Every structure is written in C-alpha cells, then in structure tokens.
Amino acid sequence: MALSRVCWARAALWGSTVAPGPFVTRRLQLGRSGPAWRAPRSSKLHLSPKADVKNLISYVVTKTRAINGSYHRFLGRHFPRFYALYTTFMKGIQMLWADGKKARRIKADMWKQNLKFHQLSYREMEHLRQFRRDITKCLFVGLISIPPFANYLVFLLMYLFPRQLLVKHFWTPKQQIDFLDVYHGLRRRSHSEVITHLRRASTFVSHEKLRRQLTDLCTKVQSGTHPAAQDVLALRDCFSTYPLGFSQLQASQMRALSQAMLLTPYLPPPLLRQRLKSHTTVIHQLDRALAKLGIGQLTAQEVKSACYLRGLNSTHIADDRCRAWLGEWLHISCSLKEPELSLLLHNVVLLSTNYLETRR
C-alpha cells in the first residue's frame, strides 16, 4: 500500500502518464462495483435440459429411421423372399396388436355400460368373435414356445406350417386365398355326410308332409340344386324336436357338423353339442345385428368374410352374388327362434353346397 501511494504521488508531481502496474490495476478494479467487471451472460451458451433431451431424441429417431430404411433396402435387394416374409410378419404383429387394443376397448365399454355380447353393434361383435379365435391360436403357439430353446423350433414350424400355426394377420395375400380354399375343402368333405344323416333322420319324422318335404330337399341338394329359402323354412318344425333338435343329434351327426363349421370333431359328444350350440347362437346373434345394420353398409371384404363364416367359399364369387346369398341367409336366420337353431346349423351345408361356383 505504501509503495503504491508513493508511485501515485510521484506521478502527480512529475505530471507523468505512467500506467499503474498490474497489481495496482487489479486492486483498482476490485475497488469498483462488483457486477460491472463481469462478462455478460449469453443465453445461447445455456440451453435448458428439456431442449437438449428433445434434440437428442430427435437425432436418435432420425438416425434410426435412416438405418432401418437402409436395412430394408438391403434385404429387398439381396433377399427378396425373406424380405417379403419379414414385412408380412412385422405388419401382422402390428395388426394383431391393434386388434387387441380394439378388443380391450370394446370389453371396457361393455363393462362400463353393463352391456351383453348380443347388445353390441355388428362390427364390435364380429371383432370380438374373430379376436377370440385368433388369440386362442396365438396362445397355443406361445405355450409350446415356453421350454428352453423351443422358440427356435417354433419359428421353424411357423415357417413350414403357417396355415396351422399362424393367424391370417401373418399370411401373405396369396396365402390367404390358398388357405381359405384349403379350409373350405376340409369342410366340404363333410357335406355329403351331413345330407346323408338328414335323409336317414327323415324316416323318423312323424309328420308325413314334413317327412316328404325333408326327403325332397335332400334329393335336390344331392342332385346339385340350390334350395330356395321358403323350402328350408318350411322344415323349421323338424329341427326343433326329435330327431333333428340340438338335444337329439347323434354323435356322428355332430362330428360331421363340427367339420362343416371348421371345429374340431375330436371331443366327447356332450362337449361337441355344447360347442356347436354356442357357435350357432353367436352366428344367430350376429345375423340379427347385421340385419339391423343392413348388408348395404358392409364393405366388400366384410361381406366376403361374413359369407365364409356361414359356409360359403366367397373368395371366388363376385360381390353382388355374395350379397344376394347373404340376404337369403339372413332371411332364414331372422325367421328362426332359439329352439329352431339346429336348422341354422344345417344351413351351413344346405345353402352353400350348390351355390353358383361353389360346387367344383
């Protein structure tokens, strides 16, 4: 301090312009107001943590998409067959996941509004019905994948047997047509057996007029004639009691009808009867909901799916003819009561056997 004062005094006396030393300069700066000597802050140097995270996520997503696109192009160029299977599998997972979310939403609405299955709209009922079948098949594949290293074998089996182990979400467009033809061929094998059982049962019908009408109907179908709706409805009394009511069907009849409905026939007779009745009741409920909605409100794919469920191989039939056939089915179904649903079950064979191109 004494030295600095001496320097300043000498400078004042001599009128010199000598600058103070670095130590003195720093002391003078420290003596001034504090904030004045600091450098101004720059907002660009201090980004918020949220902005940094968003920029990082955006960068990672962009890079991932670019790498994924390059990977897809590589597979498409060098492994086209594998790439087709890969894209079909990935799309199938997305569609199955979307179906699961939709089914969950429908079930939640049913619980909140205290609705029963038959009180839903047609599309909601059909979605739940189909999703239950799909998820049952997926659960079976999941169960056989549980043992260690079994998942590798399951992937191989899914590649070799896609029709048996995979649902339609994982089929290619060509496979969908081919597999539906295969399934229809399986159920067509039972058509002649179902008609034979009907002819045999006609001998036990007590009413003479009904017995003759049932025999004539079997003869028409066996000769290649498509029956009219009024001819089928005239026999509704035969299917409410012995010998063709649900409770009176024999085991061989139920096995043949199960094959016609694409259900397993290898179950005890009580389970076969219960399962056939349950599926027929669901179809009857769907028919009532569809009649309320109107066939004209359905898309072409929805019409084909509805016809296929009811026994018609609609994959090779024009849309207008599918709608006409579905109209005949609904006319019969909506005229039946619950005790007469055995006729609706047999309708799977009676109405589909000789309809247009379905007979091959």
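Sequential numbering from 1, following the chain as shown.
From the backbone N, Cα and C atoms, a Cβ is placed for every residue, glycine too.
The domain 'Letm1 RBD' annotation in Swiss-Prot covers 178-360 and is backed by sequence analysis. Across the domain 'Letm1 RBD' (178-360), the prediction's mean pLDDT works out to 93.
According to Swiss-Prot, the phosphoserine annotation covers Ser192, on the basis of a large-scale study or a structure entry. Take the CB of Ser192 (phosphoserine) and look out to 10 A: across all protein chains shown you find 14 other CB atoms.
Per Swiss-Prot, region 'Required and sufficient for mitochondrial import' is recorded for 1-110, and the stated evidence type is similarity to another entry.
For 1-137, the entry in Swiss-Prot reads topological domain 'Cytoplasmic', with the evidence type sequence analysis.
Under the heading topological domain 'Mitochondrial intermembrane', Swiss-Prot lists 159-360, citing sequence analysis as support.
The transmembrane segment annotation in Swiss-Prot covers 138-158, and the record cites sequence analysis as its basis. Using a Cβ-Cβ cut-off under 8 Å and counting only residues 6 or more beyond its ends in the same chain, the transmembrane segment (138-158) has close neighbours at 96, 165-167, 170.
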